[in-house]
Amino acid sequence: MAKIKVGVLGATGNVGQRFIQALDNHPWFEISALAASERSAGKKYGEVADWKIGTEIPEAVEDIEVVTIDPKKIDADIVFSALPADLAKTIEPAFAQEGFVVASNAASFRMEEDIPLAIPEVNPDHLGLIDVQKKNRKWDGCIITNPNCSTIMMAVTLKPLLQFGIESINVATMQAISGAGYNGIYAMSIYDNVVPYIGGEEEKIQSETLKIFGDFDGSKVKNAPFKVSASCHRVPVIDGHTEAVWATLAKNPKPEDVRDAFLKFDPGLSHLPTEPKHPIIVRDEPDRPQPRLDRDMGNGMSVSVGRIREGIRYIALGHNTIRGAAGASVLNAELLKEKGYL
Ligand SMILES: NC(=O)C1=CN([C@@H]2O[C@H](COP(=O)(O)OP(=O)(O)OC[C@H]3O[C@@H](n4cnc5c(N)ncnc54)[C@H](OP(=O)(O)O)[C@@H]3O)[C@@H](O)[C@H]2O)C=CC1
Ligand SMILES: N[C@@H](CC(=O)OP(=O)(O)O)C(=O)O
């Protein structure tokens, strides 16, 4: 079977590199175009990427000539967007207008009524918004988004808790510095320090979670009825967001019931190449999960949970630029293919 051609917008950046890693030797997808700014265009990817991942830069992309972000210069069926949000706001619709499927990491369109904010294990039915979107916007392509990196870790763990009746969620995040981008925060600001503010993050976690768990009736999503309250903090960890979650659940389950629900969670997606064997991994040690030890589980796609206590309280952890960004987008694209949108 011929592979589906894919492009990466913002291919040279932090998340762009994670896309290239996620797409290397992918059984369904093949990189056909890499795009970035004027600074990089016209040069070989290997020369301009400033590769920051601790594995070899994939041979298949080293010699690809980077192009500017222009639909006419890209031959692909789907483009993955790792663009800064202000740029994504104008560029992603231009690609959808030209018939491309756009799988976006950027925050720009996540909360639009007719654009799916999708996690395959949590709300696959929201893909139906694509048909609404195409009709509303009269474009041949479409935009699908994945959530903010802190939202997604928590949302994956909340899915098996739905059976207990979620009333409210409080979450305190400890977010890695890679979430701010490679040049996002000075060493002098974060070394030996914790910064108790990440602009816009708390609002995103609160609003995105309610959309993700909202009810899709075939034309729109009605937000979930529970409450979410977040407090976000930047900590001196390179990769891996850790979150302390307090879940108030109507059925008042015991910690063992919640542990059991996490262990039994099986979204039935094992046929998708990027889906990890265990989307949720339960750690029983009293001092896990930890970013250095657990962020790479399931090739960075598993969310690890631990310290499940009365309350219900627990810790969730996942790789912010893989499960929280590029990996999530590639998984969405795999679901799109399975559902016939590609
Ligand atoms: N799902 C999530 O929660 C996460 C989302 N993100 C989002 O992903 C996106 C990328 O983040 P990150 O990889 O850290 O950012 P980087 O700054 O590392 O990369 C930005 C990329 O965009 C390109 N770019 C920048 N300016 C322009 C321009 N004017 N025209 C064309 N291309 C341009 C850069 O190209 P060049 O190298 O040529 O300058 C580079 O490829 C952001 O929207 C970020 O918010 C990030 C982390 C997690
Ligand atoms: N704000 C996130 C990363 C990010 O870019 O998120 P968003 O795409 O929602 O702006 C972090 O700092 O870890």
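Our numbering is plain: 1 for the first residue shown, then up by one each step along the chain.
Using the three backbone atoms N, Cα and C, a Cβ is placed for every residue, glycine included.
Bear in mind that TrEMBL entries carry predicted annotations, made automatically and left uncurated.
Take the substrate site that TrEMBL assigns to Gln175, Arg234: the candidate from Glu201, Glu202, Glu208 listed for it is Glu201.
The 10 Å shell around the Cβ of Lys204 (phosphate binding site) contains 21 further Cβ atoms across the protein chains shown. Around Arg234 (substrate binding site), the same-chain residues at least 6 positions away in sequence with a Cβ under 8 Å from its Cβ are Gln175, Ile177, Gly179, Ala180, Ile185, Ile190, Val194, Val195, Tyr197, Ile198.
Same-chain residues lying 6 or more positions outside the compositional bias 'Basic and acidic residues' (275-297) and placing a CB less than 8 Å from one of its CB atoms are 120-121, 156-157, 160, 176, 237, 239-242, 259, 262-263, 265, 267, 269, 303-308, 315-319, 331, 334. In this structure, of the binding-site residues Thr12, Asn320, the smallest number of CB atoms within 10 A of the CB marks Thr12.
Look at the recorded positions Arg39, Arg110, His241 and count other Cβ atoms within 10 Å of each Cβ; Arg39 has the fewest.
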